[in-house]
Amino acid sequence: MDILTLLQPDDWHAHLRDGDSLKRTVPDLAKQFHRAICMPNLVPPVKTVEEAVAYRERIMQHVPEGIDFDPRMVLYFTDHTPSDEIKKIKDSSVVNAIKLYPAGATTNSDNGVSDIRKVYHVIEQLEEHQVPLLLHGEVTHSHVDIFDREKRFLDEVLTPLLRQFPQLKLVLEHITTADAAHFVLEQGRQVAATITPQHLLFNRNDMLVGGIKPHFYCLPILKRQSHQTTLLEVATSGNPKFFLGTDSAPHAQSKKENACGCAGCYSAPYAIELYAQAFDQMGKLDKLEGFASHFGADFYGLERNSKTITLVRKEQTIAERLTYFPNDDIIPLFAGQTINWSLQ
Ligand code: NCD
Ligand code: ZN
C-alpha cells in the first residue's frame with residue numbers, strides 16, 4: 001500500500017495555547033485534522049462555557065483561508081466547578097466535554113481537582129447528561145514513582161470512580177501503559193482512551209539512553225518497551241475504544257532545553273504521518289482510518305467527516321526547528337529524522 005486515502009481525521013486531544021502561539025499551532029493542526037479537542041489548560045484555565053466560546057473565537061482567527069477547521073472545546077474541571085455548568089455543556093454546540101487534571105499532575109494543572117471525591121456531585125451530573133469526562137490519569141503523591149503514577153491512578157481513583165458511576169462516559173487520555181490498555185478493554189463501551197504518536201513510536205530508552213533528550217519528555221512519561229508494544233497492539237487492533245489524540249503540546253525551545261524542562265511533545269505538523277509510520281511498522285495500515293477518523297467521532301456522538309486526505313509512501317524529513325516566537329523556536333517531535341509517509 002503506497003497511497004492511503006482516509007476520511008479526514010480528527011485530533012481528540014491537542015494543546016493550541018493562546019495569544020501568539022496560535023499563529024503556529026492552529027495552521028499546523030488544521031492542515032490535516034478537521035476537528036480537534038482543544039485542551040483548556042491555559043493560564044488562567046478555561047472554566048466556563050462562556051470562556052470556551054471566547055477561546056474558540058480566538059482560535060478561529062488563525063485558521064488559514066480555505067481550510068475548514070472545527071475546534072471542539074473542553075472545560076477545565078476545578079474544585080469549584082458548579083454542577084449546573086454541566087447542563088450548559090450539554091446544551092452547547094461548541095463544548096463537548098470537561099477535562100479533569102489532578103492538581104499538580106502536569107503543565108498548568110495547579111487549578112486542577114485536589115481530591116476527586118470532592119467533586120462527585122458534579123460527576124453525577126456528567127453521568128446524568130452523558131457529558132464525557134476526560135481524564136489525565138496519574139496520581140500526584142510525591143512518594144509515588146513517576147513510572148507508576150498511571151497504574152496507581154487506575155487502582156486508586158478510576159476503579160472506585162466507575163464503581164460509583166457505572167454509566168459515566170469517560171476518556172482516559174494519552175494512555176502509556178499495558179495496565180491502562182487492559183483496564184480500558186475490560187470496561188463497557190462508555191470507557192475509551194486516546195493514544196499519542198510518541199507513545200506508539202518511542203519508549204523511555206529513546207528519551208534516556210545515550211544522553212537525556214528533552215524533546216521526548218512529556219507526561220505521562222514514556223514507559224518501557226513492553227508497554228509501547230501493547231499500545232501498538234491495541235491502537236492497531238480496530239477496537240473502537242482506542243482513538244487518535246496527539247497530545248501535541250508546544251513549549252518553546254528555551255523552555256524544553258532547560259535545567260527544569262517543560263513536559264510536552266510538539267507533534268502537530270506531522271501527526272498523521274507519524275501515526276501512519278507506527279501503523280505501517282505493525283503491518284496494519286488498513287486499521288489507521290478507524291483509529292484516526294471514525295472511532296473518536298462515534299464516541300463523542302458527532303458525525304464522521306465527509307472529506308478525505310491522502311497519505312503517500314514518500315520520505316520526508318521532519319524540520320529541525322520551526323518558528324514559534326520571534327526569539328524562540330520550537331523543536332518538533334522527531335526533529336531532523338526521516339519518516340516514510342507524507343501528506344499529499
Ligand atoms: C501537556 C501540556 O504541555 O499542556 N503536557 C504534556 O506533557 N502532555 C499537558 C498534558 O496533557 O499533560
Ligand atoms: Zn495533553
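Placement of Cβ uses the backbone N, Cα and C atoms for every residue, glycine included.
TrEMBL has this to say about the protein:
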| type | residues | note |
| --- | --- | --- |
| DOMAIN | 11-305 | domain 'Amidohydrolase-related' |
| BINDING | His13, His15, Lys99, Asp247 | Zn(2+) 1 binding site |
| BINDING | His15, Leu16, Arg17, Asn41, His136, Leu219, His251, Ala263 | substrate binding site |
| MOD_RES | Lys99 | N6-carboxylysine |
| BINDING | Lys99, His136, His174 | Zn(2+) 2 binding site |
| ACT_SITE | Asp247 | active site |
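Known features from TrEMBL, placed on the structure.
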residue: His13; record: Zn(2+) 1 binding site; DSSP (3 states): strand
residue: Lys99; record: Zn(2+) 1 binding site; DSSP (3 states): strand
residue: His174; record: Zn(2+) 2 binding site; DSSP (3 states): coil
residue: Leu219; record: substrate binding site; DSSP (3 states): coil
residue: Asp247; record: Zn(2+) 1 binding site; DSSP (3 states): coil
residue: Ala263; record: substrate binding site; DSSP (3 states): coil
- Item | Among Leu16, Leu219, Ala263, the one of these binding-site residues whose Cβ has the fewest neighbouring Cβ atoms within 10 Å | Ala263
- Message: Measuring Cα to Cα, how many Å separate Lys99 (Zn(2+) 1 binding site) from His174 (Zn(2+) 2 binding site)?
- Response: 13
- In all the protein chains shown, the tally of other Cβ atoms within 10 Å of the Cβ of Asn41 (substrate binding site) is 22
- Message: Please list the binding-site residues from His15, Arg17, Asn41, Leu219, Asp247 whose Cβ falls under 6 Å of any atom in ligand 1.
- Response: His15, Asn41, Leu219, Asp247
- Task: Starting from the Cα of His174 (Zn(2+) 2 binding site), work out which of the binding-site residues (His15, Leu16, His251) are within 10 Å.
- Result: none
- Filter the binding-site residues Leu16, Asn41, Asp247 down to those with CB closer than 6 A to an atom of ligand 2; keep them in sequence order. Asp247
- Message: Please report the distance from the Cα of His136 (substrate binding site) to the Cα of His15 (Zn(2+) 1 binding site), rounded to the nearest angstrom.
- Response: 14
